[in-house]
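Have a look at the structure below, then the notes.
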Amino acid sequence: MNRSVVILRNVGHGVNDIFWYILPSLLPVILDQFGMKYGTAGGLLTAFLGVVAVFSFILGKISDYFPRHIIIGAGFLVASLFLIGGSLTNNFNLFVACLLVAGIGVGSYHAAGYALIEDITENRKGRAYGMFEFWGAAGVLLMFLLHGLLLNHLSWRNIILITSIPGLAMGFLYFIYSERFRSAADRAKGKILNKTEIQDAPVLLFILFIISFTIRYFGILGVVSFTSTYLVRELGLQANVASYATGIYFLGGLIFTPFMGMQCDIRNPILVLLFTTLIPFPLIFLMTLTQPLWVLPVYLLLIGGSYYGAGPAMSMIIARMSSKLGKGEAFGYFMAVTSVTFSISPLLFGMLADRIGLNLTMKIYSLPLLLGSVVLLVLFVVEKRYCLFEGTTTVR
């Protein structure tokens, strides 16, 4: 496989993930700038991610018929240009409008990117997905570190402008290296079919998986989205320190995701997903209790490792359990449900926090992870009858 294609695919994931977390990172100062309540802030995230959800599905399906790298490159340019445009206006309504258009570009990447891995990766897909998620975590970690460094020196508008520039470069690179992407896809034809020829997974298993990861995302994404705000408002940290601290989530992803990807090549991915769903439940609850501050980075590191470490397992499961769909369409559904959950979760988190406070809301949001683990356990027991993940070391 062409090395430049792999590098652009993986680094592009990091740049795209920055767009997902740029608002949560800067939320404490944006709240103060516009005098927003938590519910309003959650609504802003909901609107942005709602657009991402719709276009993740639309563009994912289109990518089954149109070169995936072209869709991704155009998405980078749209997301970057409109985020930069939003950073240059002092009008809140215009800022929101630019943000929503940018969401169209943000929605172009994941469905097509995951399908691209399926297209051109024949062996050790768990490892490929692990490195893909590794670079996603690396991009967001660097963003939080950069924001922590700049928050004391620049306005949030200037920080958005600076953070958007890598997306412009990535968009142009996807077009410049277009021929190499085409060559890699052509070589894969006949080796990896867009629709698999193995036995279709029962609908029940697919439904259980959708339910489990929706519940999982609902809990953990609400917590991640408001962690910076929680650290500032509840623990009294400075905004730049909170940005550094939140970056520890993604340091955990950086450390644990490659290992979890390799585990998916030798174990049932459902077990890996079950493990990475159950672990954050007690950690989030413990994080809200009164204790020395030095313990906080440990919790954040392990939660982040579980959050990103689940990525390879989820990707392998969705590819195997949606064999009747084109890969772009399958991952389009996956990202659409993810984005909708991501958008609703912060909104409800913010509304609940306005009523009962951030601390208690964090505790409540740990409970879906326990429920999601129960559903995954049921999924694992039912899946054992069908042996969908052959070649694992799981006893069936």
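Each Cβ is built from the backbone N, Cα and C atoms, and glycine gets one as well.
The domain 'Major facilitator superfamily (MFS) profile' feature in TrEMBL is assigned to 1-384. The transmembrane segment feature in TrEMBL is assigned to 38-58, 70-88, 94-117, 129-150, 156-177, 198-221, 241-259, 271-290, 296-319, 331-352, 364-382.
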Cβ-based contact of the transmembrane segment (94-117) with the transmembrane segment (331-352), 3 or more pairs under 8 Å: yes
Remote residues contacting the transmembrane segment (271-290) - C-beta distance under 8 A, at least 6 residues beyond either end: 212-213, 216, 219-220, 223, 260, 263-264, 296, 299-300, 302-303, 305-307, 309-310, 312-314, 317, 359-360, 362-363, 365-367, 369-370, 372-373, 376-377, 380, 394
Contact call for the transmembrane segment (129-150) and the transmembrane segment (70-88): at least 3 Cβ pairs under 8 Å, seq gap 6+: no
Candidates 70-88, 156-177, 241-259, 331-352, 364-382; stretch with most C-beta pairs under 8 Å toward the transmembrane segment (38-58): 331-352
Long-range environment of the transmembrane segment (70-88) - Cβ separation under 8 angstroms, sequence gap at least 6: 12, 15-16, 19, 22, 59, 62-63, 94-99, 101-109, 112-113, 157-158, 160-161, 163-168, 170-175, 178
Remote residues contacting the transmembrane segment (156-177) - C-beta distance under 8 A, at least 6 residues beyond either end: 4-5, 8, 11-12, 15-16, 18-19, 22, 26, 29-30, 33, 69-70, 72-77, 79-81, 83-84, 86-88, 105, 143, 146-147, 150
Beyond the flanks of the transmembrane segment (364-382) by at least 6 residues, Cβ under 8 Å: 204-205, 208-209, 211-213, 215-216, 218-220, 222-223, 268, 270-271, 273-274, 277-278, 280-282, 284-285, 345, 349, 352
